[in-house]
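Contents: one structure, followed by commentary.
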Amino acid sequence: MARKQNKQDALDYHALGRPGKIEVIPTKNTKTQWDLSLAYSPGVAEPCKEIAKDVENVYKYTAKGNLVAVISNGTAVLGLGDIGPEAGKPVMEGKAVLFKIFADIDVFDIELNTKNVDEFVQVVKAMEPTFGGINLEDIKSPECFAIEERLKKELRIPIMHDDQHGTAIISSAALLNALELVKKDIDKVNIVINGAGAAAMACVKLYVSLGANKENIIMFDKDGVINTTRPNLSDMHKQFATTSTVTELAEALKGADVFVGLSVGNVVTPNMIKSMADNPIVFAMANPDPEIAYDLAVASRPDVIMCTGRSDHPNQVNNVLGFPYIFRGALDVRATQINEEMKLAAVHALAELAKESVPDIVNLAYNERNLFFGPRYIIPKPLDPRLLSHVAPAVAKAAMDSGVAQQPITDWDAYVEVLNKRLGLDNQLFRVIGTKARQDPRKVVFAEADNLKVLKASQVVREEGIAYPILLGNELRIRNLAAENGIELDDTVIIDPKSDEMSEKRHHFGELFFKKRQRKGFNQYEAKKVMRERNYFGCMLVETGEADALISGLTRNYPDTIRPALHVIGMEPNAKRVAGMYIINTKRGPLFLGDTTVNFNPTAEELAEITLLVANEVRQFNITPRIAMLSYSSFGSSGTAEAQLVAKARDIVKQKDPTLIVDGEIQAAMAFNQEILKDSYPFSELLGQEVNTLIFPNLAAGNIAYNLLQEVAGFDAIGPVLLGMKKPVHILQLGSTVRSIVNMVNIAVVDAQHKCCDGKK
Ligand SMILES: NC(=O)C1=CN([C@@H]2O[C@H](COP(=O)(O)OP(=O)(O)OC[C@H]3O[C@@H](n4cnc5c(N)ncnc54)[C@H](OP(=O)(O)O)[C@@H]3O)[C@@H](O)[C@H]2O)C=CC1
Ligand SMILES: CC(=O)C(=O)O
Ligand SMILES: [Mg+2]
């Protein structure tokens, strides 16, 4: 298990190296005198003049549109209280980091040395020209209410007090989902709220607007219960003052359905949780220490749905799930405010996202095997990359529908693409393949369906409409595994090739197979016997057209999986060999690499065949292959036989397909460096071309390259895509992730769509 973090870890994290955790980085070239004259005087005067003519141009020529101020006076920093503006700065810098990494929004954190509402408002108002939005943070109540209200009236940019509305949005999404799980109605549940400050008041208001009944709510602050007999209540508190005679928190919690803590740590005891109604919902959201520790609450009530504001337990109900995406959506339509409609849109987008299958990358990030909607997962995880593309568009759309957007979005697909690019998730090729697969989903056999990753991938492809899975394996085992992991099998086909029901089919497949292989090493008995093996049986399903593609190999070595495929299905009529290709997702686009998995030391003729196979596959993705045939030598710079072999292979390729853009032998660096190419090898076909396909001289080089790109450079690698087979069979690498299996299914389906065009369909 990972070591627990301690105080020193936190201090070192902030102090070591450059103090703090943020810096400002230029976004334009600043290397030369030329650049500097543009960035600053004299060039900078031009955008100044344009903005002076029309102030809206500030969004065109400056960072304003993507710049948010996180502003605090340090009076309610987390649950630490009024610790002052400087002491609050690490939190504000932290928020800046979260804005950037989750939504690519730039932030200046601003800590103000004032507790005076007028002064605060005046200062922030004066800063409006700089920022596209204002996130107020950790300002204590009641001042925060007046500050936000006045700024909302007086500014024309979106403004949100995160502790109020961020918290209200996230906890409302969590509440809706928790209630759904325990099958209780929001208008009937008893809700006890500890804390009546910024966060608590915004939460209670939003819960009521979602249907909670004021009569069923009891609130407490430092001085006890907020009831109608209490003197000097503010108007806001009066609205939620209870008529009940309860005075103590412990009393109020007896039989309560929901506890919401937005106060301070450790004020709730296990006995209080024990006294709550069946399936109690507990949101202990005080930071850094919740009102009751996660483990204590769970130990006292096994039926509890327990949430905290912390990241080290399940169900983190924290406003980090909201502010980056709410501001992203608001900035992108240049909303003049963040209104109720936008907040509700965020609530529903978050609540819905929690019910979708969880991507592998999220399980990986949280060291979970299989997160799924249930008591331990009622709300998305903060590291879920889908948050941006789900919440921001919902908020932007609500801004448009409610009439506060100044710059409407018209192409939502393009917008989502831009959002994904912001996170460096530009997986365009796979989106294209995914869309293509979904247009005509095919039956895909999963030969290792009793493996959790395979089973999860089969669920994802079914849910996403990519394929109709056929699961091979022991039915009971598969069903048990699915049940243990919350995987719905619905009407998914499960076939156990070893079962008695399949004996007739085994016999039939065995006979067909024997006809194919009788003079190639299989006797009749063996041909029938191998049909008990899932890879043979699965391949026969594909061969006979009962299925369209097969995915296997996650748990067995490559040769053991490829052999049945070659025996049963075989190669394309014109292919002389099969080859393996990897696709690497880089920021410059996809890179296709071959051969990475099948042919060890090809001859020039064989290397040419591999190149043609890869080129053909790249074209299948509607991409023009621009091929570099790699070596340690460029255009004869080394006269070794190895280098010459590549040059000869290139000649053969050119003879067979003169239209292909292909050159070599060439060193990898040269293939990507247009300047050197222009100076030294201006004759090259690769001049002016962005190389997207790399052919390696042998398997060792190809295999090492993709592994390095994946592990050291951190690129997503998808493959190996098996080329040259008559029908789509794809063999996974040992240990592939669920996402990479899903990607392989996408490829298999698209492959099946192509291969069947002249045949079955
Ligand atoms: N998980 C999340 O996303 C978020 C969590 N929070 C947490 O919520 C808490 C409150 O934050 P915020 O609303 O901004 O701060 P405020 O200062 O505005 O409010 C604090 C509230 O807690 C009350 N309180 C303090 N001690 C007790 C106690 N022993 N029993 C009952 N009530 C008490 C205060 O009472 P009084 O009014 O009498 O002083 C006040 O009403 C913090 O711990 C913060 O970390 C906040 C925002 C987001
Ligand atoms: C999460 C947060 O904003 C707080 O605890 O104040
Ligand atoms: Mg806060």
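A Cβ is built for glycine as well, from the same backbone N, Cα and C atoms used for every other residue.
These numbers come from a predicted model, not from an experiment.
Listed in TrEMBL:
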- 19-152: domain 'Malic enzyme N-terminal' (DOMAIN)
- Val77, Leu78, Gly79, Leu80, Gly81, Asp82, Ile83, Gly84: NADP(+) binding site (BINDING)
- Lys95: active site, proton acceptor (ACT_SITE)
- Glu137, Asp138, Asp163, Asn287: divalent metal cation binding site (BINDING)
- 164-400: domain 'Malic enzyme NAD-binding' (DOMAIN)
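Here the features listed in TrEMBL are placed on the structure.
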residue: Val77; record: NADP(+) binding site; DSSP (3 states): strand
residue: Asp82; record: NADP(+) binding site; DSSP (3 states): coil
residue: Asp138; record: divalent metal cation binding site; DSSP (3 states): coil
residue: Asp163; record: divalent metal cation binding site; DSSP (3 states): helix
residue: Asn287; record: divalent metal cation binding site; DSSP (3 states): coil
List of residues, in chain order, with Cβ under 8 A from that of Glu137 (divalent metal cation binding site) and at least 6 apart: Val70, Ile71, Ser72, Gly88, Val91, Met92, Lys95, His161, Asp162, Asp163
Candidates near ligand 1 among the binding-site residues Leu78, Asp82, Asp163, judged by a Cβ under 6 angstroms: Leu78, Asp163
Other residues, Cβ within 8 Å of Val77, Leu78, Gly79, Leu80, Gly81, Asp82, Ile83, Gly84 Cβ centroid (NADP(+) site): Gly74, Thr75, Ala76, Ala87, Gly88, Asp138
Winner by Cβ contact number (other Cβ atoms within 10 Å) across the binding-site residues Val77, Leu78, Leu80, Ile83: Val77
Cβ-centroid neighbourhood (8 Å) of the divalent metal cation site, Glu137, Asp138, Asp163, Asn287 excluded: Ser72, Ala76, Val77, Leu78, Val91, Asp162, Ala198, Ala199, Asn319
For Lys95 (active site, proton acceptor): DSSP state (helix, strand, coil): helix
Entries of Gly81, Glu137, Asp163 (binding-site residues) sitting next to ligand 3, with Cβ under 6 Å as the cut-off: Glu137, Asp163
Cβ neighbour count within 10 Å of Asp138 (divalent metal cation binding site): 28
Among Asp82, Asp163 [binding-site residues], residue with fewest other Cβ within 10 Å: Asp82
Distant-in-sequence Cβ neighbours of Gly81 (NADP(+) binding site), under 8 Å, six or more positions away: Lys140
Of Val77, Leu80, Gly81, Asp82, Gly84, Lys95, recorded positions neighbouring ligand 2, Cβ under 6 A: none
Rounded Cα-Cα span from Val77 (NADP(+) binding site) to Asp138 (divalent metal cation binding site), Å: 5
Lys95 (active site, proton acceptor) CB neighbourhood, other CB atoms within 10 A: 23
For Gly79 (NADP(+) binding site), nearby residues of its own chain (Cβ under 8 Å, 6 or more apart in sequence): Ser263, Val264, Gly265, Ala286, Asn287, Pro288, Asp289
Cβ-based isolation winner (fewest other Cβ atoms within 10 Å) among the binding-site residues Gly84, Asn287: Gly84
Average model confidence [pLDDT] within the domain 'Malic enzyme NAD-binding' (164-400): 95
